[in-house]
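Below is one structure, written out as structure tokens, with a few remarks after it.
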Amino acid sequence: MLPRHFTWMLERYLGLGSIARPSQPVPVIGAFTTCIPAFKNQARLLSTVNTSGSRQPRWPWYLLTFVSGFGSAAAYKFFTEPVPDPPLNPQTFSPYTLVSKGQISSTASIFTLRPSHSVALKDGAKIYNQAWKRGIWSVEVKQPQLQIARAYTPLPPSDLLPKGVEDDRIGLRFFIRRDPKGEVSGYLHKLPEGATIDLRGPHLEYKIPNNVGEILFLAGGTGIAPALQAAHTLLSHRSCLPTGLPKIRILWANRRRDDCKGGMSYQNSAASGASKLLGLWPGHAQPKATPPQNESLEYAGGTPPTPLVKELMALQKEYPSNIRVEYFVDEESTYIGKARLDQCINDKSSWTCPSGREPGAPGEANTGRKLILVSGPDGFVEYLAGQKVWDNGKEGQGRIGGLLSMLDLKGWEVWKL
């Protein structure tokens, strides 16, 4: 049984009724000295609210326990559960899953990746779409064992892909060649389907201006990916520009026909006097054969075209007045030479399509800026446009050199990718 003075204080505090004070002073010791004023104030407050002397309604103890536990669990989940990263962001690496790996040649394959987190899937298409509109972009791929990364250029979406591969536009495709000395490319080619690959980006490599009238794209090997990006940006995302669509000419050079099987090969007399691309690819011996002297246009091989050749052919079919592609193959002794470059730079033809499109109709080339873009191995870029330079830790354009420096480039802008 509690002492009388404790019973009185509790009843006064809880508002259980009016009980007379004890006749003797209540002894207070220790910490209770600071508590009595609070008891008095609380009792005075309760007496003004509960004048009838009835008890205040209280929640059952089990309901209070449930609410308290639920709130604690929600707070723990909110503060401890990690927020999934977006499909791509320039600051951190995000996990992607290798969906498929299709071999193009003995040394190159097309990799298809998708975000690993389901939450990130719905945001992927938005991020990619914004990047496609701006220009040529890349993402970094990490090699986790060595903690190094290399930039790769995604291929644009294609309507030629099998249903389900990229129909929802949330995947990314890469054309990657296995380099014997490449740590990242070697790592990627060894991965099985279903493996996780970390990506970071997008990183804008070149912002394509809106007022483009003509583009000459010089692509070496896997450098065809930026060329496809440029065509996709200008023909698919900027088709409503009042200036109309530009003329796009792509010259694609490869070591072997396997990389561009089925492509239409332009062979002309200009190639016979062209300087050979010595050092274009390390360890490649120069063939002794000479190219044909008569200009001709022929289908190569007779074998089914590779997926990238199919995409280029589809672009030419859809935009016959706006895009042309020429193939140059080392083992067939066809090269991008000075004479051919001069012909492309000074081409004044209107590129009218076989169906006879009316002048001024959508798709006609405009008279905007003229660009020469060069992409491929370092030796390829240096031979055609000069070496890129490093300045304050950043890779710069350097001066224009190589074959392009021997030509009259008045009115043309050159950019090395």
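Placement of Cβ uses the backbone N, Cα and C atoms for every residue, glycine included.
The annotation domain 'FAD-binding FR-type' is assigned in TrEMBL to 91-209. Among the features that TrEMBL reports, FAD binding site is placed at ARG150, TYR152, VAL184, SER185. According to TrEMBL, the region 'Disordered' annotation covers 281-303.
Around ARG150 (FAD binding site), the same-chain residues six or more apart in sequence whose CB sits under 8 Å from its CB are GLU140, VAL141, GLN143, GLY182, GLU183, VAL184, SER185, listed in sequence order. Listed in sequence order, the residues VAL141, GLN143, ALA149, ALA151, ILE176, GLY182, LEU188 complete the 8 Å Cβ shell around the FAD site centroid, once ARG150, TYR152, VAL184, SER185 themselves are left out. Following the DSSP three-state reduction, the secondary structure of ARG150 (FAD binding site) is strand. Across the residues the record lists as binding FAD (ARG150, TYR152, VAL184, SER185), the two Cα atoms farthest apart are 10 Å from each other. Long-range C-beta contacts of TYR152 (FAD binding site), restricted to its own chain and to partners at least six residues apart, with a cutoff below 8 Å, comprise SER138, VAL139, GLU140, VAL141, PHE174, ILE176, ALA225.
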